[in-house]
Structure formats: C-alpha cells, structure tokens
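J.: The structure is given below, and queries will be raised subsequently.
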C-alpha cells in the first residue's frame, strides 16, 4: 500500500481494469479550495455595481472555471494518487490561493498577479500531462498535445500582462477562447483523439460537487451579511429575508439535482460540449444569485428592492434556467424529465425578466413574490404533475 502511494504512475482509466469512479480526497480538497476564489470574486461584484465590473466578473469567473475544469478533466482521464501527483496538485492549490488573494485588488494591480498565478497553474497542468504521457505510452500522443497546449497558454498569458490596458484584457480573452477551440475544433481538436474518453460518471460527480460549493458560498454571504448587524439588532424584516434567502438557494439546488445534476451524459462529443459549457453558464448564473443574496438581506419589504443586486439575481436565474435546458438536452432522459417542460423554463425566464423590469418601480415584497414564483414554479409544477401522473405540454414522455 505504501509503495503504491509513493509511486503510482498515471494510467489512462481504460487501461486500468480496477478503475473506479471514486473521488479521492485530493480532488475533494481541490474542489473545496475553489470556494475561496468564488467568494473573493463575489465580493468584487458586491462592491462594484457598474457594467465594466460585471464584465470583469464574468471574465474572471470563466477563467477560474476553466482552470478548475481542465484539472478535473485530467483526473477523470487518468488514474493516479501517488506522491508526485499530490505534490503537483498542492502546487496548483497554492497558485489558486494566489489567484484568490489577487482578486481583492481587482480592478487594479491584482489582475497582473491573477494572470501570472493562472499561468503557473496552467503550467503545472502541462507538467501533469507530460508525466502522464511519459508513463502511459498508449496515450502519449494525446498527453503531449495537452501539455503543449497548456504550456503555450501559460506563456501567452504571461506575455499578455506586458500589454497596456485594455489590450491585455482583450489578449487574455482571445487566449482563453483559442484554448477552448483547441479542444472542440472539428477533426483537429483534442476531442478528435480516440483516447479523449474521460470517466463520464466521475466527471459528472465533480461538477455536482462544485455546484454545491458555489451554492454554499451563497449561504456564507447570507450569514455574514446578517451577522455583521448583530443578531440582537435583527428585526422581523431581516428574519423574513433570511428565510427567503435560504429557500432561494435550496430551491436552485433542488432544481439542479432533480432534473440535470448527476445525469448520464450522452456518449458523443457534441453532447459532451453542450453539457460542459451548459455547466459553465449554469454555475455563472448560480454565482450571480449568491451575490444577489446580499441585496435580499438589505431589502426593506415596503421599499423598492435594491436593483444594483436585483438585476444580478434576475439575470442569474435566466442564465441558470437556460443552462438547465442545454444540460437536459445533453444527458439521457430519466423519469423526472417527463414532468419538466421547456414551457415551464420559459415561464420562469419570463417572470425573472418581468421582475427585472418592475423591480425599481414596485415595493420589494411584490418583486420578491414574482421572483419566488419564477423559481418555485420549477419545483411545484413538476411535483403537481408527478402526483397526478400526467405529462405537461412540452415535456418528454418516458
């Protein structure tokens, strides 16, 4: 056992007869550390409400997400848990911590530290793939392509830091876009390789774990906002808001796990791409909802809702529901899908949009009520049809 832990070279999961879908503690720790970045990033949007800050938020969230997702893909492709792997993962975690620290000074000099830390994390991932190719001869070609891509991205990101603003932001955006195209480009992308076959169950489980971490960050914001006031200073309005906030986050998690979470991905590249980027949109929308929680905690029910937060919640819910449509199309049908229709998603999207439009013109209790109907209907309607044994229009019979 000790020898296995000290040196257990990475093996493609298809070449390992004992491969399982078990998530190891190193992977769980790596997922957990992402909450630091996500919380710090939420603070950026929580204190800067202008459109430029929102664009920076979206860009940084995508950078954090693709940084996490690329490493997750590696661990779903290769089986290893030896000391060299753990040490390289530990170095990645250090890089992610530096990314999180840098977020505290964005906009500003923090973006340069963030970019360099991101490049270091990408460079370590390139080393992981080089090591996999060295030991796993059957996937040497694929591993070399991965390593070459990530080391190129790492160097390009560092070089882009020397460009003046806003050319540096544009360059970083194009670099990330080019990296993603290197995965999905037909016939020549990495996905065209025959050994580009991750453990889909393992991959699905990791994505659900990150979703839970993102939603947990919302509870943290809720508690932190109210605890700063002091529990002895809270009134009935605060307790109502806290209750609604908890139910809001719980409901989004319910929607995800009942209808798309842990779904079996259809085994072809097109559906994997749809599932992959559908989760990016879903987690971005979910993270925006966790930031909007702060607005709910400060809302006075008889006054208009603070729309510097309200629009984030509305747009976040819209993106969340659109993402469930994409992900559901990418996974195999199961029983719950016969009760969850496209029409219902569009109803929720429409109500979220109406809430956005009316938010600053009506009392908070009214806009909050509309928003509750928007997300609660995504649970109530399927439950109603399930109890009656009927299939709503637009749903897929099983």
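Using N, Cα and C of the backbone, Cβ positions are placed for all residues, glycine too.
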J.: Can you check which of 112-130, 188-206 TrEMBL lists as transmembrane segment?
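T.: Spelled out, TrEMBL records transmembrane segment over residues 112-130, not the other listed ranges.
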J.: For the record in TrEMBL, which of the ranges 9-31, 239-261 is the transmembrane segment one?
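T.: Going through 9-31, 239-261 one by one, TrEMBL flags 239-261 as transmembrane segment.
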J.: Under 8 angstroms for C-beta pairs, at least 3 of them, ignoring pairs fewer than 6 apart in sequence. Is the transmembrane segment (54-75) in contact with the transmembrane segment (273-297) by that rule?
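T.: Stretch pair touches.
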